[in-house]
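Novice: Right, I'll just put the structure down here and ask away after.
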Amino acid sequence: MSKGTLFDKVWDLHTVKVLPSGQTQLFIGLHLIHEVTSPQAFAMLRDRNLQVMYPERTVATVDHIVPTENQARPFADPLAEAMMQELEKNTATNKIRFYNVGSGGQGIVHVIAPEQGLTQPGMTVACGDSHTSTHGAFGAIAFGIGTSQVRDVLASQTLALAKLKVRKIEVNGDLQPGVYAKDVILHIIRKLGVKGGVGYAYEYAGTTFEKMSMEERMTVCNMSIEGGARCGYVNPDSVTYDYLKDRPFAPKGEAWEKAIAWWDSLRSEADAEYDDVVTFDAADIAPTVTWGITPGQGIGVDESVPTPEMMAEDEQAIAAEAYKYMQLQPGQAIQGTKIDVCFIGSCTNGRLSDLQEAAKYAKGHHVAPGVKAFVVPGSEQVKQQAEAEGLDRIFTEAGFEWREPGCSMCLAMNPDKLEGNQISASSSNRNFKGRQGSATGRTLLMSPAMVVAAAVTGQVTDVRTLN
């Protein structure tokens, strides 16, 4: 078992007791909720006449179902409006902080908590959403949970969890131009597999991560779950502290200095013991594109769709399914694949730095004929900051639509959906069958910069060749 890692320290500090089942009852420092997985949890509390134990430790926003175009109330979708009203009622009744549409703080839950300074090193974080691992970028231990567990946290502020093993993933060296954090995590998942992290927490380390911004670290940690890991984290450092300083919920004054000293003490020890260690060279990572129906089916943009002979036997069945669904042939070059829709946004790549980098490539170009392209900021704050920098004008002049914040086309729970057999270039995190709203729609995952390259050429294109 691991010893001396940040994961072990944070786990031990939050252990209430070891249960007869062998699981640990873990105290949850920050609970994030949204409109999709919380209504049933609140209903279960009412059925049992239970109260929210620590409402000040729960924070809510609306993101999954919110339209990114017409946000007038009531929403056009009756189900979306009902979910919205339920969240408004539950947060008001239980005195829970709620970042509603128009508040200036609304957005995707995994974008707003960091930007408000709510997520901090050494915390345990839970949310009824798969990509809660995002918050591990701060040196927190963050878990995506189901609705019944949302109920448990509301009622007791604890979760019953089995302790994970810890795998250290080191990436060293400088990333090539045109290669981003999204490519790093897609490369890791490609190499370790979508089930490679089952039973593990991933500790991301090495010089590549040391040089990453907080928003880049969030992109990597966000997709830990796509590699099977329950959570992923980066040890806190000066980059973390510079990001957090002066944010609304960050410690202030003398408390700030004390917080840094404590956060530093949580870092994994130099002689920490890990259950597994894997290393990668940043120079080996290229702009990466998924070709199949899992995030692990990725290749460098200059590669071809792999043939069955190139795969392990246990990968061949899902590959055969992917060839058929994606309408791609083994050995076919991924470059040149026609694209219908381009989406920049999501909790993976909807932050300000993502939009800044994408805008660099969009400037001076125009979306290709027949391509629908749109940009969805991850939060109202991101949208405001981007507009202050003129990024919205760069995108609209290039033929992109500029939308309101929300989860948008990452998932099919709002009006932003693929139609029929369309194929999308998407900066989101999942390329499952039907994920973007059409039973036959197809998704290629890539970085925001690569999405721009696809948008302006109408096909999968190596962003490094874009003038």
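The backbone N, Cα and C atoms fix where each Cβ goes, glycine too.
Found this in Swiss-Prot, in case it helps:
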BINDING   Cys347, Cys407, Cys410  [4Fe-4S] cluster binding site
Novice: Under DSSP, is Cys410 ([4Fe-4S] cluster binding site) part of a helix or a strand, or is it coil?
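Specialist: Going by the DSSP assignment, Cys410 ([4Fe-4S] cluster binding site) falls within a helical segment, counted as helix.
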Novice: In sequence order, which residues at least six apart in the same chain have a CB under 8 Å from the CB of Cys410 ([4Fe-4S] cluster binding site)?
Specialist: Phe343, Gly345, Ser346, Cys347, Thr348, Ser426, Ser428, Asn429, Arg430, Arg435, Gln436
Novice: What are the sequence-distant neighbours of Cys407 ([4Fe-4S] cluster binding site), meaning same chain, six or more residues apart, C-beta distance under 8 angstroms?
Specialist: Asp63, His64, Val66, Ile108, Gly345, Ser346, Cys347, Met413, Asn414
Novice: Can you see whether DSSP assigns Cys347 ([4Fe-4S] cluster binding site) to helix, strand or coil?
Specialist: helix
